[in-house]
Amino acid sequence: MQDASSESRAALERLRGASAPRPDDDATRAPAARPRRALAAPGEISRRDLRRHERALRSGRPETAAERRVREDRRADVHRAMDRLRTPGAPAEQRPRRDLSEILDRLGSPDLARFADPLVGTVERILPAPGRDPEKAAEAARRRAAAEERLRAGRERAAEAARRRAAEHERLVAEAAAAAQARDAAQARDAAALQARLDEEARRAQAARVARRRREEEKQRRRREADRRRRVAAEEKARAAVEAEARRREREERRRREAEVAAERARVQAERRAREEAALAERERLRLEAEAEAERRRQAAEAERRRLEAERVEAERRRRAEEAERRRREAEEAARLEAERRRRQAARVRAHTVLHAERALAQARLLEDRAREAERRAAEDAARRRREHEERESRALARAARELEGPEVFPAAADRPLLSDPEEGLTDEELFARARVALPEWRRRQRLSTKAQAVRAEAIAHSSAGPVTGALPLIPGYTPAPPEEPAGSPTRADRRGQTLLTVVWALFVLSSAWGLGLAGRVPGLGALDAGAYPFTADGRHGPGASVFGLSPLHPAIWPVLWLLTGMYVLRQWGRGQGASPRHRRIRGAVAGTLLALALWFPLAVLAPGGLDVVPWLLALVLMLRVVRRLGARPAARRLARVAEDGALGVLLGTLLAGAPTAVGAALHAWGVHVDWFPTELLALLVLMALLLAALRLVLGGRGRLGVALGMAWTLLCLALPRLLPSPLGAQQSAWVGLAAAFGALLLVTAAAVRRSWARQIERDAARRPHPAGA
């Protein structure tokens with residue numbers, strides 16, 4: 001670079017020396033022989049050009065296309081001026097009109113003859129011709145020849161000066177081109193050295209990365225090996241502990257019965273098989289890990305081989321690039337394109353290697369995810385087996401509760417210990433036997449807990465409200481609602497039961513609407529209308545047919561029953577209710593009840609033989625079973641109490657209070673009359689028995705208000721025709737009407753008092769919950 005700058009400075013000094021005026025130059029002695037436009041302007045090297053050349057040489061900037069065109073135009077102008085000077089007699093070039101300043105600038109130039117000749121001709125025509133003196137003519141001719149000689153000499157000197165300036169300009173251009181070429185060569189050498197240094201640094205960085213990656217892989221391998229050794233040691237320790245426990249159990253089982261010895265031997269064999277399967281699975285997992293490690297190493301070796309191949313290709317590319325730099329400049333672009341192509345190829349190779357490594361890592365992660373998924377499935381299977389075992393125990397406890405005396409209540413699965421381990425494989429009969437043994441003790445503890453809660457509630461009420469007249473009595477037969485059992489997913493049998501119940505409810509609604517005579521009010525169904533059941537057939541369901549005849553207002557209960565039973569049907573379709581144990585226990589009985597009632601309406605309207613009493617009594621028996629099962633498992637939420645216990649209780653109260661009417665209608669149809677016993681007395685005895693049975697039902701649990709309301713409406717419809725005056729009443733058996741009205745009031749009052757007592761106990765127990773260890 002110093003040689004190039006020194007050469008540039010020398011060329012600049014030569015340019016300055018060439019442009020300076022010389023004292024022995026003829027052009028300085030003849031200023032009129034230097035045409036300013038034809039000679040000086042096109043080929044003049046002014047100070048501005050010198051400064052531009054100097055800036056170009058200092059900056060090292062290559063010549064642009066515009067500057068090259070200006071330089072070539074100037075060279076063309078110089079050549080045209082030189083050609084014009086070589087031929088003085090050539091006709092003048094047609095030039096455009098110039099202004100006065102340009103004409104005055106040209107007065108001292110060799111082209112003066114072009115301006116003087118026209119003026120001389122004009123002056124000769126204006127002025128008189130000189131005389132014919134031969135001396136003067138000779139003198140004039142001599143002077144003219146001398147002027148022409150001087151003019152020709154001036155032209156020759158101007159041409160020589162222009163030629164020298166053109167040669168000097170070409171020399172400067174050549175030197176500038178040589179300097180630019182030298183500078184480009186130096187820059188190319190510097191770029192090659194820089195590229196070599198960068199390649200060396202990249203190679204060293206790549207080697208460092210490879211070494212660092214190898215160290216990380218070695219650390220990971222050692223870490224995995226240590227984890228594997230620890231895991232194997234832990235498994236060996238666990239296996240040793242399991243074997244020691246098995247030996248201890250074997251020594252204990254020798255002292256037991258012979259049958260238990262055989263069962264224990266079978267269990268030990270099963271455990272041994274499980275351990276062998278676990279060891280086999282562990283060996284299989286270790287083999288898979290070894291195969292994955294070998295595959296990873298093979299891929300790493302393949303990646304290293306491809307990297308070395310890429311480096312070899314890169315070295316070959318650099319060698320070819322260096323050889324191409326020593327060739328001519330025309331091949332430089334092709335070499336650069338070839339190098340760029342090879343660089344992209346190497347980048348693609350490296351990218352492919354990285355992609356292959358990422359795929360291998362993704363595959364390893366997939367294997368790990370699969371192992372985690374297998375562990376999760378194993379845990380889910382264990383949880384599912386535990387739930388199935390708990391359901392079996394719940395069924396065994398429910399069966400034991402039904403066979404033992406007392407309410408059908410047992411602790412939920414989350415609140416009780418397991419009767420047996422799921423791995424024991426006990427049958428249903430063995431679980432039932434253990435449930436019969438454990439259930440009485442659980443009931444005793446629950447009764448003690450309930451009494452303790454009541455005593456605590458009494459103490460709280462006594463301390464907060466002051467002295468009381470007596471302790472709050474415990475309600476006989478009342479069992480607090482246990483927590484809800486977790487319901488699983490509904491099965492196909494559950495869905496079939498829900499669908500069947502919904503279809504039967506729709507059939508019950510249609511049949512009862514037809515039995516109430518509503519078909520005649522629908523356009524197009526008048527032919528199917530047979531009238532309402534109290535006014536059809538032989539009038540056995542009318543108010544005066546028997547001593548238990550009901551008021552014409554009684555059929556108003558059926559739309560209410562539609563809504564209540566429909567609410568229960570929608571409830572059992574609710575979220576999480578399909579597999580609920582309460583619905584499973586009563587769904588079939590409710591469907592049978594609705595089907596029996598759907599059959600009762602056609603028989604009550606069309607059959608004259610009194611067969612309608614059979615489906616009514618069948619529905620009553622099924623509803624008694626439903627309420628008994630609901631009381632064995634009290635509802636924990638208010639919505640369940642209303643939609644299940646309340647709705648079905650109203651239906652049971654209606655069926656129970658209407659049973660004497662159904663039996664009386666059947667006896668009326670069969671023509672049976674009891675003349676040897678007072679009818680009113682018999683009716684009072686039946687009502688007393690009915691009220692006692694109803695009180696037993698109403699006072700169960702928290703107080704079945706739904707049963708009381710259903711019976712109260714039917715008993716009021718029984719009392720109205722006997723208590724109201726004519727023509728509203730039938731004026732018969734007033735004592736039966738009074739007993740029925742009193743029974744309705746008694747049932748509602750008893751249910752309300754029972755619910756009030758239960759609510760007070762629950763409120764006091766919730767106000768100060770007992771400790772968990774009580």
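Heads up, residue numbers simply count up from 1 along the chain you see.
A Cβ is built for glycine as well, from the same backbone N, Cα and C atoms used for every other residue.
Per TrEMBL, the features are:
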{"type": "REGION", "residues": "1-102", "note": "region 'Disordered'"}
{"type": "COMPBIAS", "residues": "10-28", "note": "compositional bias 'Basic and acidic residues'"}
{"type": "COMPBIAS", "residues": "29-42", "note": "compositional bias 'Low complexity'"}
{"type": "COMPBIAS", "residues": "45-86", "note": "compositional bias 'Basic and acidic residues'"}
{"type": "REGION", "residues": "126-167", "note": "region 'Disordered'"}
{"type": "COMPBIAS", "residues": "132-167", "note": "compositional bias 'Basic and acidic residues'"}
{"type": "REGION", "residues": "199-274", "note": "region 'Disordered'"}
{"type": "COMPBIAS", "residues": "214-274", "note": "compositional bias 'Basic and acidic residues'"}
{"type": "REGION", "residues": "299-334", "note": "region 'Disordered'"}
{"type": "REGION", "residues": "379-400", "note": "region 'Disordered'"}
{"type": "REGION", "residues": "471-494", "note": "region 'Disordered'"}
{"type": "TRANSMEM", "residues": "499-519", "note": "transmembrane segment"}
{"type": "TRANSMEM", "residues": "586-603", "note": "transmembrane segment"}
{"type": "TRANSMEM", "residues": "609-627", "note": "transmembrane segment"}
{"type": "TRANSMEM", "residues": "648-670", "note": "transmembrane segment"}
{"type": "TRANSMEM", "residues": "676-698", "note": "transmembrane segment"}
{"type": "TRANSMEM", "residues": "705-723", "note": "transmembrane segment"}
{"type": "TRANSMEM", "residues": "735-753", "note": "transmembrane segment"}
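Tertiary neighbourhood of the transmembrane segment (499-519): same-chain residues 525-526, 528-533, 555, 558, 561-562, 565-566, 569, 572-573, 587, 590-591, 594-595, 597-602, 604-605, selected by CB-CB distance under 8 Å and a gap of 6+ residues from either end. Residues of the same chain lying 6 or more positions beyond the ends of the transmembrane segment (676-698) and with a Cβ under 8 Å from any Cβ of it are 547-548, 627, 652-653, 656-657, 659-660, 704-705, 707-708, 711, 733, 735-736, 739-740, 743, 746-747, 750-751, 754. Outside the transmembrane segment (586-603), and at least 6 residues removed from its termini, the chain residues within Cβ reach (under 8 Å) are 497-498, 500-501, 504-505, 507-508, 510-512, 514-515, 533, 565, 568, 572, 611-612, 615-616, 618-619, 622-623, 625-626, 629-630, 648, 651, 655. Secondary structure of the region 'Disordered' (379-400) per DSSP, as helix, strand and coil residue counts: 22 helix, 0 strand, 0 coil. Same-chain neighbours of the transmembrane segment (705-723): 543-544, 548-551, 553-554, 557, 627, 645-658, 661, 694, 697-698, 729-734, 736-738, 740-741, 743-745, 747-748, 750-752, 755, counting only residues six or more beyond its ends whose CB sits under 8 Å from a CB of the stretch.
Helix, strand and coil content of the region 'Disordered' (199-274), in residues and according to DSSP, is 72 helix, 0 strand, 4 coil.
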